[in-house]
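Asker: Please find one structure pasted underneath; my questions will follow.
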Amino acid sequence: MVTEWIQLLIFLFALLIFSPLFGLGLYKVYLYKTSGFEKFLYKICGIDPNRNMDWKEYALSLLVFNFFGFLLLFLILFFQNYLPLNPENFPGLVWDLAFNTAVSFTTNTNWQAYSGESTLSFFSQMAGLTTQNFLSATTGLCVLLALSRGISVNYNVFALGNFWKDMIRGTLYVLLPLSFIFALFLVGFGVVQTFSESVSAITLEGNTQIIPLGPVASQVAIKQLGTNGGGYFGVNASHPFENPSPISNFLQMFSILILPGACVFLYGRITGSIRHAWAIFSVMFTILCVGILIVWTFESSWNPISGTLGFWEGKEIRFGILNSSIWEVATTVASNGSVNSMHDSFSPIGGLVGILNIQLGEIVFGGVGAGMYGMILFVLLTVFLSGIMVGRSPEYLGKKIEKREIQMSILGILLPSTIILLFTAISVSVSDALSSLTNRGPHGLSEILYAFSSGAGNNGSAFAGLNANTTYYNVMIAIAMILGRFGVILPVLVIAGSLAQKKRSEIVSEGSFSTEGGTFYILLLSVIIIVGALTFFPVLTIGPILEHFIMFQNLTF
């Protein structure tokens with residue numbers, strides 16, 4: 001137990017120390033002078049890096065870029081059997097699975113209704129999925145940059161930056177070098193990286209077993225750093241070829257949260273309010289710590305079904321309950337979705353924490369860039385409510401918060417929640433959806449709820465007892481992923497454009513609500529819990545909460 005506490009504290013302190021340092025590094029990346037290679041890229045792509053955009057042009061560029069990324073990935077997957085680097089001669093994916101997978105990786109969700117080692121070729125994994133892991137992560141970073149600039153400028157609707165320049169710099173100077181270095185570390189610790197074909201082995205029982213290989217480390221590096229999460233293997237980071245040792249496990253857990261944590265301080269530096277960034281980071285850090293402690297406690301508690309201490313089903317013995325608990329909370333507070341244990345086998349309350357983390361809107365660290373701009377929607381709502389309470393016009397970092405900003409904030413917060421509840425309600429009423437369940441009762445409801453929470457929240461993890469590789473779920477979850485991603489991005493860019501055209505007052509007026517102290521911390525935390533968590537309380541009571549109490553009657557589903 002002492003060793004586990006030491007490991008947990010090392011993990012949390014590492015996150016606390018390195019997040020502001022990485023944030024400073026990100027900030028400096030976007031201050032660099034244009035390099036020769038960068039100029040060459042701009043020239044061959046026909047990009048004018050000095051041309052700034054308003055929010056409409058920025059949004060249009062982002063949507064067009066992501067659409068063509070989706071289209072290219074769909075074609076790669078659909079025509080996989082005609083493309084190179086397919087030593088196992090895998091066929092092309094059927095249209096609905098190709099559609100779902102292309103949407104999934106384009107939206108940074110990485111929901112996987114297939115098992116990678118038995119479905120996708122090396123080319124599809126590398127040129128298709130890994131490429132989108134880079135581009136989808138940088139897309140989130142671009143949106144955060146646009147919002148940060150919109151808040152920090154005065155009367156300049158064309159000060160949101162250049163989407164193409166932001167995309168190239170984020171990929172070239174942030175994700176590529178970090179992923180390359182991290183992949184080398186992973187290879188050193190035993191993660192597979194090869195183009196060799198699958199190996200046949202004779203087991204101790206005398207049976208033949210096929211051991212799949214592939215370029216795993218290069219995909220694992222960006223899937224964690226980019227908060228993507230999609231695994232090369234079906235069981236993700238539970239597989240010893242993806243995550244062979246406690247050291248690789250620790251590094252991957254840390255890499256899930258480091259860039260989302262750094263984005264908080266990138267935002268603080270661009271807007272000129274580091275103390276405000278620390279206040280936001282404190283809220284995120286608090287929710288993370290509480291989540292880990294709750295999951296660890298319940299996963300280590302008495303299991304009335306097996307009559308033993310601890311919920312060990314679905315967990316890797318080599319990692320133990322603590323590492324499984326940390327990973328579950330880290331991967332669900334971030335829009336990562338990778339797993340080193342099976343969430344479907346967690347205790348009801350342990351699973352509840354994972355679902356709720358996603359349903360909050362992936363704002364506690366969240367995705368690269370995406371978590372921070374999602375959190376700002378809650379910050380604006382908090383500032384607005386506090387302004388109403390004290391009877392003053394709400395201000396945020398020197399700018400007036402008015403009707404348009406609040407409308408867009410509420411839209412960005414409520415749209416994913418509406419999608420989750422609506423699509424879950426439809427699915428429990430449709431026979432095609434119910435036929436995919438392998439568990440009934442409250443746990444079956446939790447599996448469907450988790451699937452649409454994961455899709456709309458762009459997380460990608462799952463309660464794997466649900467057979468999601470059907471036309472119904474492939475299409476419905478893909479729609480949820482699209483709306484959950486771009487239904488938040490567009491309101492954020494509208495807010496950025498609206499704030500950019502306003503004057504920023506450097507003088508804090510008397511009676512203005514401070515966004516740096518303990519009062520702001522408490523109010524923001526309260527708004528997240530009330531608006532985010534209570535939205536889902538009714539459905540959670542008939543899902544994991546009900547399952548928790550039924551479990552003590554020795555009933556399972």
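From the backbone N, Cα and C atoms, a Cβ is placed for every residue, glycine too.
According to Swiss-Prot, the feature transmembrane segment maps to 6-26, 59-79, 127-147, 172-192, 247-267, 278-298, 363-383, 410-430, 475-495, 520-540.
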Asker: Among the recorded stretches 6-26, 475-495, 520-540, which has the greatest number of Cβ pairs closer than 8 Å to the transmembrane segment (278-298)?
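Answerer: Per the Cβ under 8 Å count, 520-540.
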Asker: Kindly say whether the transmembrane segment (127-147) and the transmembrane segment (475-495) touch, using the definition of 3 or more Cβ pairs under 8 Å where each pair is 6 or more positions apart.
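Answerer: In contact, yes.
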Asker: Where else in the chain does the transmembrane segment (59-79) make close Cβ contacts, counting only residues six or more beyond its ends and a cut-off under 8 Å?
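Answerer: Distant contacts of the transmembrane segment (59-79): 53, 92-93, 95, 97-99, 101-103, 105-107, 120, 123-124, 127-129, 131-132, 135-136, 139, 142-143, 163-164, 167, 486, 489-490, 493.
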